[in-house]
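**Student:** Please read through the structure below; I'll follow up with questions.
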Amino acid sequence: MMMRDLALAGMLISLAFLSLLPSGCPQQTTEDACSVQILVPGLKGDAGEKGDKGAPGRPGRVGPTGEKGDMGDKGQKGTVGRHGKIGPIGAKGEKGDSGDIGPPGPSGEPGIPCECSQLRKAIGEMDNQVTQLTTELKFIKNAVAGLRETESKIYLLVKEEKRYADAQLSCQARGGTLSMPKDEAANGLMASYLAQAGLARVFIGINDLEKEGAFVYSDRSPMQTFNKWRSGEPNNAYDEEDCVEMVASGGWNDVACHITMYFMCEFDKENL
């Protein structure tokens, strides 16, 4: 197309040049004949030499994003990175299972023979003496805390919690028995003793262990007309209340014998 444009341009130039040429005839009359020269474009010349490379054109617009290509090949394994910081101490784990039992160790050297029979006997006797002394000391501490007495009786409040049967044995071991309030005077003295000690209740020497409802004193003598049963008592609750307690007001309740509480002992002066 460029060649065609060049040919057309050459033709236009030739025509323009022709129009500028003077006429082939001098000034003549109109009657004279005049010859006209017509210039015809020449043949197409040979292609010229290749011109110099032009300056780069302006960058074009950014084209549309192409389609996502296929995943490339996996790269080679990189070098090992630096060690990170030490993390916080984790929570303590659960205890593991016990390991297998190890093999038995070697046998030890034989021990030195000992005649221990007499030594064991002596140690046993010492243990008994210590136990007896400990019991005596507790009893003395209770006695020092205060006694109550009448013309014929001495009453001791024992601040050791025991079951009914053990309390009775403790009093008997000292030559007495659990306190037996057989009249108003004895009952009042015991109640006052209990209240002044700041205690709420104690075991006393009354029970119906042998026959339900037939209460007797700890010396096995039957109860007479005197009693200080509280309202609704005795009621043998849960069919297991065969022993008796005294409260600070002086009233009596039947209670279970297996519970533990403080107790009061009674001693005859003539037997001391």
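Including glycine, each Cβ sits where the backbone N, Cα and C put it.
It should be emphasised that the depicted structure is a prediction, and the values quoted were computed from it without experimental measurement.
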**Student:** Could you pull the disulfide partner of C257 out of C171, C243, going by Swiss-Prot?
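**Tutor:** So the cysteine that Swiss-Prot bonds to C257 would be C243.
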**Student:** Examine the ranges 84-116, 117-149 and name the one recorded by Swiss-Prot as coiled coil.
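**Tutor:** Comparing 84-116, 117-149 with Swiss-Prot, coiled coil matches 117-149.
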**Student:** Looking at Ca(2+) 3 binding as recorded in Swiss-Prot, which candidate out of E184, E212, E270 goes with D239, D242?
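**Tutor:** My reading of Swiss-Prot gives E212 as the candidate in that site.
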**Student:** Among R174, R201, which residue does Swiss-Prot annotate as binding carbohydrate together with E241, E245, N253, D254, V255?
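**Tutor:** Checking R174, R201 against Swiss-Prot: the carbohydrate site match is R201.
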**Student:** Choosing among C34, C171, which residue does Swiss-Prot name as bonded to C265 by a disulfide?
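**Tutor:** So the cysteine paired with C265 in Swiss-Prot is C171.
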**Student:** Which residues, same chain and not among R201, E241, E245, N253, D254, V255, have a CB within 8 angstroms of the centroid of the CB atoms at the recorded carbohydrate site?
**Tutor:** E233, C243, V244, W252, A256
**Student:** Can you break down the compositional bias 'Basic and acidic residues' (67-76) into helix, strand and coil residue counts using DSSP?
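**Tutor:** Result for the compositional bias 'Basic and acidic residues' (67-76), in helix, strand, coil order: 0 helix, 0 strand, 10 coil.
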**Student:** Look at each of the binding-site residues, N235, N236, and point out the one with the fewest other Cβ atoms around it within 10 Å.
**Tutor:** N235
**Student:** Taking Cα atoms as reference points, which of the recorded positions D239, E241, N253, V255, C265 is nearest to D208 (Ca(2+) 1 binding site)?
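**Tutor:** In terms of Cα distance, D208 (Ca(2+) 1 binding site) lies closest to E241.
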**Student:** Taking only C-alpha atoms and a 10 A limit, tell me which of C171, N235, C257, C265 are near E241 (carbohydrate binding site). These are the recorded positions.
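**Tutor:** Matched recorded positions: N235, C257, sequence order.
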